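Enquirer: Mind looking over this structure? Questions follow.
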Amino acid sequence: MPSHLDQTLAAALSERRAQYRYRQRKLLQSPQTPELVVDGKTYLAFCSNDYLGLANHPQVIAAQQQAAARWGAGSGASHLVAGHTQEHHALEEELAAFTGRQRALLFSTGYMANLGVISTLVGQGDGVFEDRLNHASLLDGGLLSGARFQRFLHSDINNLQARLRKTDAARKLVVVDGVFSMDGDCAPLPQLAQVCAQENAWLMVDDAHGFGVLGETGAGTCEHFGLDQQQVPVLMGTLGKALGSFGAFVAGSETLIETLINFARPYIYTTAMPPPVAAATRASLRLVQSEAWRRTHVQQLIAQFRNGAQDLGLQLMDSFSPVQPLLVGSEAKALAIAEALAHRGILIIAIRPPTVPVGSSRLRITLSAAHTEAQVAQLLDVLGEVMNSTAIRGLADD
């Protein structure tokens, strides 16, 4: 007989299934490339965050292998005990220089970085103001910080400013995604920076999906908009997306980084990333700076895809980033489209609530420098076939 624990949990799982929101993992049997082997079948994939195609780059792999031979497989300790190696330190210095900040600090994951920064900067008696479409890690960080937590309307400067003017919080932290992970649009960072300056608030940008891809050199959304450390004092970026590696960093002033080293619990109380991962990321960062053609190629593919989607009458969301969501509506329809694409050899994941708001389920299509124009053309052909099929057209949008 199932235990009380299992019975209780099974009821929640059954509800998820009934709502078409049940999630299952796919078993990959190949490296991250446009062609993935999943559960024994080969697909042309448009669902990876490997935006520059660096996860399987020979130089990145070689750097990790060589570092493993020198440093071993793991760091063995936290950064503050005995786990902070020369590889970690060099990567932090290189990230700081690349982003135009005084210092940078490595975190094991983006989720940990966001929780660590927000809980360090604000607490009881303070206020944290977040865009309604922020990543879950940012929202969780705000909720767990103990500060008064407010969500302003998506990219609505007036709504944010009104909230800032009403608060009596001692500290005010405004938090946004640089590129919103499920919508692909950019936050209006220049206007946000201006409002924060006017209202004596601090601006934090999570640039997980802009770092490496946007900006003249790939330094991200802050570079894209021409914003410096004074305008965006807290910058977070991840290393497992465009850089094809793993981990995250926070960049800012000397004082900010020293504060995080001393007060950010997710930094203090966890093992440092393996040194070979830091070495691989350093190789990726060099490629980001030396191979600008990758960003150019991605932008060309984005234009090709958006033009083709417009010709097909597909409802894409407003995005010039590699994240190109196709808005569908209902969970059932999104799943049906993803399944139909999979039957035709295209792997795209249906994104459903609670990740996105109810009624806005979508296919989160992502493009990479590793894709070819022919592969994007193939995607468009199959999308047109599926979206115009009788089976899909007959499904309700909500």
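The backbone N, Cα and C atoms fix where each Cβ goes, glycine too.
Copied straight from Swiss-Prot:
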type: BINDING; residues: Arg23, His135, Thr355; note: substrate binding site
type: BINDING; residues: Gly110, Tyr111, Ser181, His209, Thr238; note: pyridoxal 5'-phosphate binding site
type: MOD_RES; residues: Lys241; note: N6-(pyridoxal phosphate)lysine
Enquirer: Counting other Cβ atoms within 10 Å of each residue's Cβ, which of the recorded positions Arg23, Lys241 comes out lowest?
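Expert: Taking Arg23, Lys241 as the recorded positions, the minimal 10 Å Cβ count falls on Arg23.
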Enquirer: Look up Ser181 (pyridoxal 5'-phosphate binding site) in the DSSP assignment and report helix, strand or coil.
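Expert: Note: Ser181 (pyridoxal 5'-phosphate binding site) is coil by DSSP, not helix or strand.
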Enquirer: Test of understanding: give the count of other CB atoms lying within 10 angstroms of the CB of Gly110 (pyridoxal 5'-phosphate binding site).
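Expert: Step by step: centre on the Cβ of Gly110 (pyridoxal 5'-phosphate binding site), count other Cβ atoms within 10 Å, giving 24.
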Enquirer: Can you tell which of Ser181, Thr238, Thr355 has the least company, meaning the fewest other C-beta atoms within 10 angstroms of its C-beta, among these binding-site residues?
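Expert: Among the binding-site residues Ser181, Thr238, Thr355, the sparsest Cβ neighbourhood within 10 Å belongs to Thr355.
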Enquirer: Roughly how many angstrom lie between the C-alpha atoms of Lys241 (N6-(pyridoxal phosphate)lysine) and Thr355 (substrate binding site)?
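Expert: On Cα coordinates alone, these residues lie 19 Å apart.
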Enquirer: State the Cα to Cα distance, in Å, between Thr355 (substrate binding site) and Ser181 (pyridoxal 5'-phosphate binding site), rounded to an integer.
Expert: 10
Enquirer: Within 10 Å of each Cβ, count the other Cβ atoms, then let me know which of the binding-site residues His135, His209 comes out lowest.
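Expert: Across His135, His209, these binding-site residues, the one with fewest Cβ atoms within 10 Å is His135.
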Enquirer: How far apart, in angstrom, are the most distant Cα atoms among the substrate-binding residues Arg23, His135, Thr355?
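Expert: Comparing all Cα pairs, the maximum is 18 Å.
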Enquirer: Enter the number of other CB atoms within 10 angstroms of the CB of Tyr111 (pyridoxal 5'-phosphate binding site).
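Expert: Taking all protein chains shown, Tyr111 (pyridoxal 5'-phosphate binding site) has 18 Cβ neighbours within 10 Å.
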Enquirer: If you measure Thr238 (pyridoxal 5'-phosphate binding site) to Arg23 (substrate binding site) at Cα, how many Å is it?
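Expert: Counting only the Cα atoms, the answer is 24 Å.
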Enquirer: Beyond the listed site residues Gly110, Tyr111, Ser181, His209, Thr238, identify every same-chain residue whose Cβ lies within 8 Å of the center of their Cβ atoms for the pyridoxal 5'-phosphate site.
Expert: His135, Ser137, Asp206, Ala208, Gly240, Lys241, Ala248
Enquirer: Quick one: Cα separation, Gly110 (pyridoxal 5'-phosphate binding site) versus His135 (substrate binding site), in Å?
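Expert: Just about 10 Å between their Cα atoms.
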